[in-house]
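Chemist: Straight from Swiss-Prot, here's the annotation block:
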- 4-9: disulfide bond (DISULFID)
- 5-15: disulfide bond (DISULFID)
- 15: cysteine amide (MOD_RES)
């Protein structure tokens, strides 16, 4: 849970995980 591909989200979630 946490599909984000931008820096603001990637710092908490991995892009594509």
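Quick reminder: no glycine exception, Cβ is built from N, Cα and C everywhere.
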Chemist: Using other CB atoms within 10 angstroms as the count, which residue among the disulfide-bonded residues 4, 5, 9 scores least?
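Modeler: The disulfide-bonded residues 4, 5, 9 were compared, and 5 has the fewest Cβ atoms within 10 Å.
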Chemist: Which ones in the same chain are close to residue 15 (disulfide bond), with CB under 8 Å and 6+ residues apart in sequence?
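Modeler: Listed in sequence order: 3, 4, 5, 9.
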Chemist: Is residue 9 (disulfide bond) helix, strand or coil when read with DSSP?
Modeler: helix
